[in-house]
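**Student:** This is the feature table in TrEMBL:
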{"type": "COMPBIAS", "residues": "642-653", "note": "compositional bias 'Polar residues'"}
{"type": "COMPBIAS", "residues": "677-691", "note": "compositional bias 'Polar residues'"}
{"type": "DOMAIN", "residues": "239-494", "note": "domain 'P-type ATPase C-terminal'"}
{"type": "REGION", "residues": "94-115", "note": "region 'Disordered'"}
{"type": "REGION", "residues": "554-602", "note": "region 'Disordered'"}
{"type": "REGION", "residues": "621-691", "note": "region 'Disordered'"}
{"type": "TRANSMEM", "residues": "279-300", "note": "transmembrane segment"}
{"type": "TRANSMEM", "residues": "306-323", "note": "transmembrane segment"}
{"type": "TRANSMEM", "residues": "353-370", "note": "transmembrane segment"}
{"type": "TRANSMEM", "residues": "390-408", "note": "transmembrane segment"}
{"type": "TRANSMEM", "residues": "420-440", "note": "transmembrane segment"}
{"type": "TRANSMEM", "residues": "465-485", "note": "transmembrane segment"}
Amino acid sequence: IKIWVLTGDKVETAINIGYATALLLSEMEPLLRLSQEELLDPEDGWRVSATTLELALQDAIDMCASKDVEGLLETCKKSAARVDGEGKKALEQAGATAGRLKDSAEASEGQVNTELGTAGSKLKEALLRERVRKALNRIDEITSKPRDGGYALVVDGPSLRAALSDETKMLFLNVSVRCKAVLCCRVTPSQKALVTLLVKDNMPGQITLAIGDGANDVSMIQAAHIGVGIRGKEGQQAVLAADYAMPRFSFLERLLLVHGRWSYNRIGTMVCYFFYKNITFAMCLFWFALANAFSAQALYDDGYQSLYNVVFTSLPVMVFAVFDRDLEPAVVQAHPELYSTGQWNVRFNKRRFATFIVGSIVHSLLLYYVTVNVTDLNVSDSEGAPQGLWGSGTVVLTSVIITVNVVVGLHTRSWSWVHWLFYLGSISLWFLFLLAYHSVKPGGFLAFDSSDNIYYLFFEMASSALYWLTVLLVVGVCVLPILAYKYLLEEYWPGIDDYYRRVVARPQDYPGEVVKIVLQAAATPPTVGGGGGGSGGGGTPVVTVKASQVSPSVSVGVLPEEGEGEAGGKQVYSSSQAAPVPPTAAPRSVSGLGDGASPPGVSRGLARLRMAGKEVIRRNTQVRKHAQTRSDYTPPADRAQGMSNTVPNTTTRGEIEESRRRASIAGDFQGGVTPTLAPTASRPQVTAWDN
């Protein structure tokens with residue numbers, strides 16, 4: 001995710017905010033800057049490398065500043081013949097102004113100064129465009145060679161206006177997308193929209209999101225694909241123009257990494273599933289049409305067809321699309337690389353969509369032909385007759401409804417009583433419908449249905465074991481291959497989300513993934529304080545976060561090890577046998593592919609996500625070096641001795657998780673003061689471990 005800041009603040013203010021929010025790092029220095037002040041007031045000796053247009057424009061500007069009308073006229077005439085483009089147009093206009101002033105004997109001194117000032121402004125604008133073009137070409141050469149830490153581009157308003165001209169806007173876009181961060185300062189609302197549209201219109205396949213809190217952000221919010229408005233002290237204009245409204249900027253992280261990821265996963269699967277369940281239903285009619293010579297004879301009763309999508313299969317997929325979540329918010333926020341499933345379009349692509357379509361066709365073949373052959377070759381009633389048309393259709397649709405509802409259950413990652421209620425309720429509703437519908441005598445309910453095709457049919461079928469065995473056989477034949485496929489895929493070729501679900505389910509198998517922490521705008525790095533161990537000394541590391549001036553926002557994801565030390569069915573951790581974490585422990589990648597942590601079945605695709613982990617490691621290393629230069633810095637080894645006494649003697653797993661959700665950083669954050677997480681008698685002091 002590339003972050004661009006479009007602000008009306010001064011350049012110095014925007015740069016300070018960039019460093020304070022970790023958008024800019026010292027590794028990005030020197031910053032690539034486009035400033036009107038620097039470009040229009042170059043260093044001595046600039047004429048050596050200046051272009052013909054630059055020299056001509058600068059000479060004309062000097063003539064305007066000295067009020068030399070004749071010199072300006074002569075300079076513009078000579079230079080206009082040697083240049084072209086926008087610069088030539090500016091010189092011709094300045095020459096026309098100078099000629100008019102020369103020929104006008106009645107022009108006052110004030111009028112001359114005004115006319116020359118206007119001409120000088122236009123010449124400066126043309127000179128700025130030329131020098132911005134040269135600067136962009138120079139920056140293009142610089143950014144073409146990658147470097148550790150990446151690049152950051154800072155542009156002020158006048159330079160941005162020049163960069164957005166038709167001649168240089170594509171060059172500006174190419175340079176900007178190579179940078180990790182772009183800061184546009186002193187920009188107008190219209191320029192914010194132009195920058196947004198530049199990316200939106202010229203980078204197909206990319207999604208732009210604009211977030212702002214004031215009326216000056218409305219044009220930018222409306223220009224982006226997705227607009228987010230902040231409801232704050234600057235009014236409601238941004239909120240009214242946005243797609244999403246939030247009370248704080250910091251909630252954007254949760255909107256994207258948590259809710260955005262959940263929504264993508266749900267919608268991607270939901271769309272594929274909708275096609276699957278409807279094609280499965282319809283293709284059974286097609287296979288039946290092959291047997292009846294396309295005579296338009298229906299396999300299902302009209303009442304079945306009317307309620308299939310409305311009642312029997314609609315509620316489970318709606319519940320799935322609203323409630324399903326594959327990982328908890330704390331885990332998702334602690335591992336931002338999980339967001340890559342949407343960026344790689346894992347849940348909704350041609351291959352996955354084709355898999356659902358092919359699966360629906362195969363299932364329809366099994367549901368129709370296996371059911372028809374089983375019911376046709378076996379006795380189904382006391383008179384020794386096989387099942388008829390309407391009986392076979394009822395058996396087929398019973399298998400279809402159960403199968404499609406079981407399939408959506410196989411794709412569900414989180415289960416609650418709501419899921420069980422609607423998944424099993426939809427299947428139960430089908431059988432209740434059969435009981436009621438088949439009990440209606442022909443001509444009942446104001447002659448709603450005068451035929452006796454299905455009257456009392458279900459009662460005869462339900463009394464036969466053939467009906468239930470056929471449904472069980474067909475559903476099993478359809479569902480078991482999917483179950484086996486999903487097991488093999490997740491066990492031996494897992495995706496990144498499968499990997500972290502496995503870590504959450506079996507943390508004892510992944511000791512390197514025990515604790516994860518997210519730091520936002522931390523002034524100093526988290527320092528290793530010590531470790532709390534269970535019985536036997538194998539410990540769950542604990543963390544201490546130290547800050548000098550700015551309180552870091554810490555989200556601690558604790559996944560305790562399953563070891564000894566259990567009491568009353570709860571996992572207990574004792575600090576009496578604390579084992580300090582070695583301060584020289586090698587950092588690992590955020591993706592969980594560190595030494596000894598990767599199971600043999602982890603997908604090769606996870607290796608592509610190592611870059612995210614390397615970036616986090618670089619940032620932590622930089623902040624750690626900064627902390628070591630402070631006078632109040634205490635080595636981790638010395639601090640570990642004192643940390644063992646800050647953790648309660650016994651802490652249950654439930655208490656740790658409750659503390660993580662409800663605690664907040666406390667303390668005055670002065671030198672040497674170690675903040676804790678809301679210490680109370682029932683709430684342990686949880687600390688964090690810098691990974």
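Here the Cβ of each residue, glycine as well, is placed from N, Cα and C on the backbone.
Predicted automatically and left uncurated, TrEMBL annotations should be read as such.
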**Student:** Which listed range (279-300, 306-323, 390-408, 420-440, 465-485) shows the maximal number of Cβ pairs under 8 Å with respect to the transmembrane segment (353-370)?
**Tutor:** 279-300
**Student:** Considering only Cβ pairs under 8 Å, which range in 279-300, 306-323, 390-408, 420-440 makes the most contacts with the transmembrane segment (465-485)?
**Tutor:** 390-408
**Student:** Against the transmembrane segment (306-323), which of these stretches has the most C-beta pairs under 8 Å: 279-300, 390-408, 420-440?
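**Tutor:** When the Cβ pairs under 8 Å are tallied, 420-440 comes out ahead.
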**Student:** For the region 'Disordered' (94-115), jot down how many residues DSSP puts in helix, in strand and in coil.
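**Tutor:** Breakdown, helix to coil: 17 helix, 0 strand, 5 coil.
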**Student:** Express the predicted model's confidence over the domain 'P-type ATPase C-terminal' (239-494) as a mean pLDDT, rounded to an integer.
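**Tutor:** When the pLDDT values over the domain 'P-type ATPase C-terminal' (239-494) are averaged, the result is 87.
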